[in-house]
Amino acid sequence: MPTAVKPHRRRRAANMAAHMRRLTHRYRAVINKNLTSRISLRGCLSRSYSQVQTDFSSNQVRRTFTDFFHDLYQHIIVPSSPVRPRGDPSLLFVNAGMNQFKPIFLGAADPRSEMATYRRVVNSQKCVRAGGKHNDLEDVGRDVYHHTFFEMLGNWSFGDYFKEEACIMAWRLLTEEYRIPPERLYVSYFAGDTTSGLPADEETRHIWLSMGVPSDHLLPFGMRDNFWEMGEIGPCGPCTEIHYDHIGGRNAASLVNADSPDVVEIWNLVFMQYNREADHSLRSLPQFSVDTGMGLERLVTILQGQRSNYDTDLFTPLLSAIQQCSNCPEYRGRTGEADVGKVDMAYRVVADHVRTLSVCIADGVYPGMSGAELVLRRILRRAVRFSTEVLQAPEGALASLVPTVARILGDAYPELHKETDRIMDIINENEAQFLSSLKQGRRVIDRTLQRLEKNDTLFPAPVAWSLHRNLGFPLDLIGLMLEEKGLSVDQQALYELAIENEKCQVQTSIGDTLVHLDLHSLAQLQSGEVPHTDDSPKYHYSLAQDGKYVFQPCHATVQALYCGQSLVSKVAGGQRCGVVLDRTCFYAEQGGQSHDQGFFIRDGLPDILYPVEAVQLAGGYVVHQVTAAEVLRKGDQVQLYVDEPQRLACMVKHTATHVLNFVLRQLLGPSVEQRGSHVAADRLRFDFSVKGSLSIPQLQEIERSIHNIITENNAVYIEEVPLARAKDIPGLRTVDELYPDPVRVVSVAVPVADLFNSQTDRRTSVELCCGTHLLRTGEIGDLVIISERQMVKGISRIVAVTGDDAREAREAGQVLTQEVESLLARLAVVASPSLADAHRLAKEVGILTDAVDCTPIPQWKRRELQTRLKGLQRTTNTSIRKLETKEAAVEAQSLFKKNGNKTIVVDTVDTDSISVLMKTVNQYSDRAPGTLVMLLSHQQPSGKVLCACQVPKGFSALSASDWALTVCTRLGGNAGGSATVAKGTGSVADLTEALRCAEEYAQDKTQNIH
């Protein structure tokens, strides 16, 4: 490999700063093309500093990194992406700096986006490793270097520089800018792998040797340590890692990659040159890239002369704030057995977790019940436990730390300052909920322990799992509480329940069945100079004078066929394939809008339809998923036909979504932020940040405001504008997406050109959007919110329908309102209902409640009707209880006259209600406290038997549950209860034998005590 910067690279960097040119000249002068005879660069790249400089603040360290690559090597500084991955369902959180650049590595970046122009990039990325493949949650606090949230410093080259330049830049930054003594640094490289057929990375080894790295500081390692892979499939390659020896003054080569806290990896330089295929083979990438990552926390620890990440300025202000709001001594940095009471561990847990909570909530990930939200919920609850139980901090202490987090990280991530109040509110609400759940969970554990036999040592796994899954009770806390009582959970049974739960959550996604262009096929298309698909015809429609939309026809040529993981020249009838055309009027799924459906026909075969099942966008190519009806060849001419009703329905929902977004912000305030949306033909879904669920008046006002905009029949203006200029539009609504340049601006009622006029003061809906929209708002027809609920604390989801569906929802709401009013009227007429009448009314209330809950009606109407029905349910339930008590009193009186104070009473009652039977038993026992009572009810003609029994409290000779179970088992049924009261059911034609069995069992048990 040539040692100097290659000529074509110099041309690409012709405008590089003068000092960069001088640096390049210097390197060219001392690096020879012959790798075996390189001249040492110790003099210029490995300056020795006997002591590590300790005057760097964390902000300086971060800024020095980005400035170094930007100023000296012309890297673009790209802001950190949010910790919620953009369109990547394989990840719960962004866990590496390269995540946001995945489309580039996969060759799928939108060619119109800024990302497609990236060649050299640098940034500091917010990362979370908790849940999924990379999960550090349970390790946090036990040592002084694990974190759930951390910052990854990284520089990237996408088809630009490669190994040599990457190594030179890294070494210069560490030894010259950060002034780390070179003798403390060790470098590992890939030793090769015979199983994979991969040779040792001798090229990288020679590069390091030529730069002056001593051979005894240069170490080979295998696949596990020095070969990096994105996932099961995808780009990968050898890596070289730089390690730091905290001690110094020795040869620490044997401690590299040995899990020693004294010698730690600080920087990983990955050379992306292969792709891991689906069959696990490796293919050379069409474009080589560099992906590096260095943890900020670990680097700051070194540059501030510390051994623990928690002793740096990223954490010390937090630890001080924790001490001020807790009843514990100050943090001392102890671990293991030296950390008595796990106080210092608790400090580390709380400090780490409140950083994670702050960053995640600021980025729109709130504690919840699934996916990333569930992981964040566990993090919050773990922090609360350590804060309240170990540090003895009062409720609310955790949230009080958020302003400190914002002061530490806010300069780099200003959203923390903006969202401080919201973060604190969400933490406080979730903490209060968890503390309540802890009390409830402890009561459940205590009740369960009371029911266990004295010699039981295993706590029921189903109860433990229910506490964990439903109340969020940490399993380790359950274990600790049981350990104090000499018990444990059945771990095998618990494991089986967890596996079963995981199986239930696995769902087959339609995305698994889609045809995806792999990166080699994308590169083949690009190298074959196949132009990107022109999809502008998807916007070619107009509004005719009769008010109908006219979609222009589209004629296209088959540019490529993708089948069986490769590009082919033709496909046979019945084969499923991806079709790439030179132009298309089909909308590919993006921007939250569903893809178009429809079909195309080949020229000359007008009767044979090729149905388009799905449409995707990959690297500028629109891929139509088709099951070929007949042979289809590259070069065939086709006519495209979009399913116009489905497309129009999506257009209606998309424009309605923009209007809804605008109205929500107008009515609820600027704190409302879009957190997700999806537009389909049948309904729209919109997620947004709001403190609590919307009230009935708010829902009504939202619908009224939207109806006014629909009635005004405002024009919808759409225009392409340079991205930089578009971002200057006042009141612009954007979401976390990568926008193309130029970008489409969608404005309701105000022409796009007027938006830039400072004198235009009309507030309106303005968004950057690639979707298809109506041309006038009147076409929405009507909009009804049929659902609104809090998905997690602080994020609500609205589901709405439009047009005829909205009208039908309103009509259904009116019908249900009339039915509720009719039921209320009938209830008012019946002054003194019988028990049968009361049960019938209660059943009607239940049926009507189900209808109100499940029928698409206006959500504000649903809430009104639910409130009225709950009142009705309470009224009927109270009436039933009173009537049952009255009936039971009559039955008990009659039975007492018949049996008196006998020791054992076994008798029958004529009722079809187990509740009446239980109440009769209770009242009889109140009259005769020393009597053992069992009552049976035999229903005809079904033969079903109801059983209820009660024994005196503290009566040890006979358990009510055993008595009922014995009798009901003889009846082919089952029973349950406590030692005092129990009930059950069975079935028999003749009750005589059951009555005899019940009495004999009780007599036998009571005789044994004499």
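Even glycines carry a Cβ here, placed using N, Cα and C.
According to TrEMBL, the protein has these features:
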- His654, His658, Cys769, His773: Zn(2+) binding site (BINDING)
- 56-812: domain 'Alanyl-transfer RNA synthetases family profile' (DOMAIN)
Checklist outcome for this item: The predicted model's mean pLDDT over the domain 'Alanyl-transfer RNA synthetases family profile' (56-812) is 91
Checklist entry - Hey, for the Zn(2+) site built from His654, His658, Cys769, His773, who else sits with CB inside 8 A of the CB center? => result Met651, Thr655, Thr657, Val716, Val746, Glu767, Gly771, Thr772
Checklist entry - So how many other Cβ atoms are close to His773 (Zn(2+) binding site), meaning within 10 Å of its Cβ? => result 25
Checklist entry - Which number gives the other C-beta atoms within 10 angstroms of the C-beta of Cys769 (Zn(2+) binding site), all protein chains shown included? => result 24
